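As written in Swiss-Prot, here are the features:
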SITE      ARG28  site 'Transition state stabilizer'
BINDING   GLU34, HIS35, THR36, ASP37, TYR223  substrate binding site
BINDING   GLY124, ALA125, GLY126, LEU127, SER128, SER129, SER130  ATP binding site
BINDING   SER130, GLU162  Mg(2+) binding site
ACT_SITE  ASP174  active site, proton acceptor
Amino acid sequence: MSLQTTTQQIFSCAFGYAPTHTVQAPGRVNLIGEHTDYNDGFVLPCAIDYQTVIACAKRSDRQVRTIAVDYDNQQDIFSLDEPIERHPQQLWSDYVRGVVKYLQQRAADLGGVDMVISGNVPQGAGLSSSASLEVAVGSVFRQLYQLPLSSADIALNGQQAENQFVGCHCGIMDQMISALGEKNSAMLLDCRTLDTRAVPMPSDIAVVIINTNFKRNLVGSEYNTRRQQCEAGARFFGQSSLRDVELAEFAEREHELDPLVAKRVRHVLTENARTLEAANVLARGDLARLAVLMAESHASMRDDFEITVPAVDMLVDIVKTSLGERGGVRMTGGGFGGCVVALMPRERVASVKAAVEQHYQAESGLKETFYVCTASAGAGLC
């Protein structure tokens with residue numbers, strides 16, 4: 001049964017009437033551009049065909065009533081006329097409440113809503129299940145109450161909810177691609193200006209995501225350390241962010257920098273350049289050049305930014321050996337585990353999957369999870 005049918009049926013059973021709208025917002029994978037977002041740089045994500053779906057309808061009062069199908073149909077009810085606080089037990093409720101809290105500050109004409117939520121974005125895999133939920137909830141209120149908000153506003157609202165209400169620090173990429181993605185396209189996002197450009201993806205290219213299932217444990221503390229090192233690098237060059245540092249200037253003064261900071265700066269500067277080139281290369285279907293750029297990105301994350309782990313490097317090598325020049329592969333996400341992303345002709349998917357099944361578990365002791373995705377549309381009615 002589809003998510004759409006499931007949420008609609010549970011809505012009718014639980015609330016005693018049929019939903020008027022069903023909304024979806026997708027998860028995402030970042031094809032290239034890692035740890036560039038908080039340095040005001042460039043990223044190249046695409047939305048994927050895993051999403052959060054919400055069956056919904058207006059209420060005549062000021063209550064927001066929500067059922068989370070994936071959490072044993074837990075319910076949450078709160079009022080728009082009272083201060084919106086965190087839920088004492090249910091973390092999923094905080095994402096809903098946070099989105100609604102900041103929507104109220106952006107648009108006065110909100111009213112009550114009934115919602116039933118379900119999703120199939122894998123949680124904990126770095127595919128942005130939380131951003132998908134935030135954008136879906138924002139889109140519900142925007143649709144039902146015709147709020148004068150853009151898709152970018154919905155994305156920024158979701159980021160604010162996650163940062164300030166839930167308390168998880170995140171950049172803007174995840175919400176922007178979930179809100180603004182286009183079918184069969186990636187999106188080049190300038191994280192400083194929030195300007196976007198759709199990058200058409202050749203129809204015969206598959207987006208393959210493979211979860212290493214390596215348990216990440218350093219990601220929080222190491223993320224903060226990398227961020228501080230990047231800020232130190234920007235200060236050294238007298239800039240507010242590494243976005244404004246030129247590679248030539250870095251090359252001239254690299255020897256003056258702390259060696260570790262220099263490695264971090266080199267990654268960000270070269271990754272920005274790779275991301276801009278990758279957008280052009282992808283649009284013209286040059287998989288051979290894309291493979292080189294993705295390989296350089298992974299090597300930079302491994303050697304200069306030092307955020308990969310042996311299981312990730314092993315999986316990348318297995319896929320790379322199987323693909324040759326017929327596609328690219330790299331780690332994606334914050335690092336220290338998580339997923340790798342590969343772009344390849346659809347006819348190569350089966351042989352890559354077979355190679356991974358043959359070698360990865362035998363060499364790492366871990367069993368991968370394999371997702372074959374399509375670049376999908378951002379949030380909207382379904």
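In case you wondered, yes, glycine gets a Cβ from its N, Cα and C as well.
Positions of Swiss-Prot features highlighted on the structure.
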| residue | record | CB count, 10 Å |
| --- | --- | --- |
| GLU34 | substrate binding site | 25 |
| ASP37 | substrate binding site | 21 |
| ALA125 | ATP binding site | 22 |
| GLY126 | ATP binding site | 25 |
| LEU127 | ATP binding site | 28 |
| SER128 | ATP binding site | 28 |
| SER129 | ATP binding site | 22 |
| SER130 | ATP binding site | 24 |
| GLU162 | Mg(2+) binding site | 23 |
| ASP174 | active site, proton acceptor | 28 |
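The secondary structure of ARG28 (site 'Transition state stabilizer'), as reduced to three states from DSSP, is extended strand. Cβ neighbour counts within 10 Å, taken over all protein chains shown, single out ARG28 as the most crowded of the recorded positions ARG28, HIS35. Other residues of the same chain near the substrate site, with their Cβ within 8 Å of the Cβ centroid of GLU34, HIS35, THR36, ASP37, TYR223, are GLY33, TYR38, ASN39, GLY41, VAL43, GLY171, ARG226, VAL268, GLY334. Among the recorded positions GLU34, THR36, ASP37, GLU162, ASP174, TYR223, the ones whose Cα sits within 10 Å of the Cα of SER130 (ATP binding site) are GLU162, ASP174. For GLY126 (ATP binding site), the nearest of the recorded positions by C-alpha distance turns out to be ASP174; the candidates were HIS35, ASP37, GLU162, ASP174.
Apart from the site residues GLY124, ALA125, GLY126, LEU127, SER128, SER129, SER130, the chain places the Cβ of GLY27, VAL121, PRO122, GLN123 no farther than 8 Å from the centroid of the site's Cβ atoms, the recorded ATP location. Checking each of the binding-site residues THR36, ALA125, SER128, GLU162 against ARG28 (site 'Transition state stabilizer') by C-alpha distance, the shortest gap belongs to SER128. Long-range neighbours of THR36 (substrate binding site) (same chain, six or more residues apart, CB within less than 8 Å of its CB): PHE42, VAL43, CYS191, VAL268, GLU271, ASN272, THR275. GLY124 (ATP binding site) and TYR223 (substrate binding site) are 16 Å apart (CA-CA, integer value).
Other C-beta atoms found within 10 angstroms of the C-beta of TYR223 (substrate binding site) number 17, with every protein chain shown included. Across the structure, GLU162 (Mg(2+) binding site) and ASP174 (active site, proton acceptor) are spaced 11 Å apart at their Cα atoms.
Considering only the recorded positions GLU34, HIS35, ASP37, ASP174, the residue whose Cα is spatially closest to the Cα of ALA125 (ATP binding site) is ASP174. Considering only the binding-site residues GLY124, SER128, SER129, HIS35 (substrate binding site) has SER128 as its nearest partner by CA-CA distance.
Comparing C-alpha positions, LEU127 (ATP binding site) sits nearest to ASP174 among the recorded positions GLU34, ASP37, ASP174.
Under the three-state DSSP scheme, ASP37 (substrate binding site) falls in the helix class.
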